[in-house]
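Novice: According to TrEMBL, the protein has these features:
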BINDING   H403, H408, E448  Fe cation binding site
COMPBIAS  119-128  compositional bias 'Acidic residues'
DOMAIN    224-570  domain 'Biopterin-dependent aromatic amino acid hydroxylase family profile'
REGION    71-128  region 'Disordered'
Amino acid sequence: MMAVAAAQKNREMFAIKKSYSIENGYPSRRRSLVDDARFETIVVKQTKQTVLDEARAKANDSSLERSILQAQEQHQQEDKLPQEVQQTVEDQDNDEEEIRMVAVDELPQKPEEHVPSANDEEKEDDAGLTEEEVVLQNAASESPEAEKEVVRAAVVVRLRDGMGSLGRILKAVEGYHGTVVHLESRQSRSDGIAFDVLMKVDMARSNLLQLIRSLRQTQSFGSVSLLSENNVNVKAPWFPKHASELDNCNHLMTKYEPDLDMNHPGFADQVYRARRKEIAEIAFAYRYGDPIPHIDYTETENKTWAAVFNRVKELMVKHACSEYIAVFKKLENEKIFVKERLPQLQEMSDFLRRNTGFTLRPAAGLLTARDFLASLAFRIFQSTQYVRHINSPYHTPEPDCIHELLGHMPLLADPSFAQFSQEIGLASLGASDEEIEKLSTVYWFTVEFGLCKEKDEVKAYGAGLLSAYGELLHAISDKPEHRAFDPASTAVQPYQDQEYQPIYYVAESFEDAKEKFRRWVSTMSRPFEVRFNPHTERVEVLDSVDKLDTLVAQLNTELLHLTNAIEKLRQPFC
């Protein structure tokens with residue numbers, strides 16, 4: 001639990017603190033999940049750099065202050081000594097300086113804090129505090145208990161002079177009251193470095209920081225890097241393991257909002273802007289396990305819904321995929337889809353749970369790409385509850401609840417499509433920023449603007465198409481280029497969010513798309529695999545033999561049920 005808390009604090013430290021809006025140089029008429037992911041990557045890098053610069057400056061200031069205090073104390077002591085004693089002290093200082101120059105490679109047992117120079121060309125990673133050290137230092141500064149708490153961390157030391165320097169490292173660990181629990185080495189691929197040594201140690205946080213700084217003072221070592229604390233790689237982003245932790249996945253990115261852009265249909269409508277804020281506050285207050293808040297939609301909002309509903313119903317018969325049409329009719333039969341009123345998210349969530357296990361969660365606005373995709377891993381779709389402006393019923397520059405309800409919900413009630421959506425979410429957990437961009441691009445060209453084949457005809461299944469009739473008619477025409485869906489090429493395809501797409505990807509079927517997606521995800525750099533346990537609503541990281549044995553046992557039970565069912569179906573009727 002402490003490791004999870006540390007990882008969450010690290011995430012909060014580098015969280016998005018800047019909105020994705022025109023005021024930050026990102027004008028657009030329509031919000032794009034791909035653009036969100038790219039912007040998020042940029043902002044996270046900027047935020048991390050700012051945090052690191054502040055920590056390094058603070059460390060430099062502290063070091064300078066200590067040096068000044070030490071110098072003042074030394075002068076004060078010297079002033080009190082007789083001249084003969086002062087001369088003796090000076091001679092001793094000179095002798096000690098000569099010894100340090102001769103034995104420059106010797107590791108000091110308890111050195112003064114050393115802040116490396118920012119101009120050190122040899123050790124780019126050692127130019128001041130690293131990201132991991134900032135996290136460790138912040139954790140240690142929380143309380144005296146946190147400072148003394150023993151943690152497990154991995155440290156990589158690069159040896160210039162061969163394995164003879166290893167003894168100095170072990171002696172230093174012992175001097176700082178640490179325990180080496182794992183040690184391995186390999187020949188280095190870097191010029192001027194003989195060996196790379198990976199060492200896992202158990203040590204108090206404060207001593208660990210001192211150990212790293214001490215090792216860096218020794219010229220025998222090319223560089224010293226802290227990799228992780230409490231077995232949590234602090235360079236990898238935190239991700240939720242349970243559905244309740246989605247309460248922490250609510251980082252918003254705003255773009256083309258009525259309060260920010262004069263071109264928004266609701267910019268000059270004070271009543272509409274106040275309404276948006278009211279609904280947003282309701283979503284902000286939501287927590288896991290709460291019933292989804294009921295929204296009393298106004299006559300104007302219901303009128304906007306009716307206009308779009310009738311248009312979509314008219315076009316879907318000819319242009320939507322059969323899975324969408326089937327669920328749409330089911331929603332009508334259960335009186336959830338009626339033209340007179342907007343559906344409530346709670347009744348839609350109950351419908352999805354009965355059909356595919358998906359549920360809904362209210363969102364205050366547009367989430368970051370990472371947070372939005374993470375929720376899909378738990379079969380949870382984060383949906384807005386506000387409605388587009390009445391002056392623009394057939395087009396919205398940002399997703400609203402009409403887009404979510406008419407575009408996304410019908411297919412989330414289809415088992416095959418629901419499984420595909422969840423697999424995109426699972427693939428995003430722990431993925432790098434670059435891979436989040438690729439996953440967002442795949443999501444953009446499939447879940448939002450995807451096409452599929454159906455009896456030699458091209459049909460739409462993307463929510464952005466099914467809730468925007470203009471682009472729907474464009475997408476199924478001969479004007480754009482239609483390409484076969486391939487995740488590897490789709491993930492790096494430039495997109496267009498100012499005008500209609502020039503390229504659309506066509507899947508042979510949902511099953512074909514899922515199989516291709518699984519093969520592509522297996523090539524991602526994430527060093528672990530995850531699965532969702534529907535019984536506990538928990539994502540399990542498959543990183544131990546025990547977990548794999550448990551999973552195999554569960555799969556064997558499922559295979560037994562499947563085999564028994566097949567045998568019973570083969571038996572002739574009496």
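Using N, Cα and C of the backbone, Cβ positions are placed for all residues, glycine too.
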Novice: What are the other residues, in sequence order, whose C-beta lies within 8 angstroms of the center of the C-beta atoms of H403, H408, E448 at the Fe cation site?
Specialist: P399, E404, G407, V447, G462, A463, G464, L466, S467
Novice: Select one residue from H403, H408: among these binding-site residues, choose the one with the most other Cβ atoms within 10 Å of its Cβ.
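Specialist: Per the Cβ count within 10 Å, the most buried is H408.
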Novice: Once the chains shown are all counted, how many other Cβ atoms turn up within 10 Å of the Cβ of E448 (Fe cation binding site)?
Specialist: 23
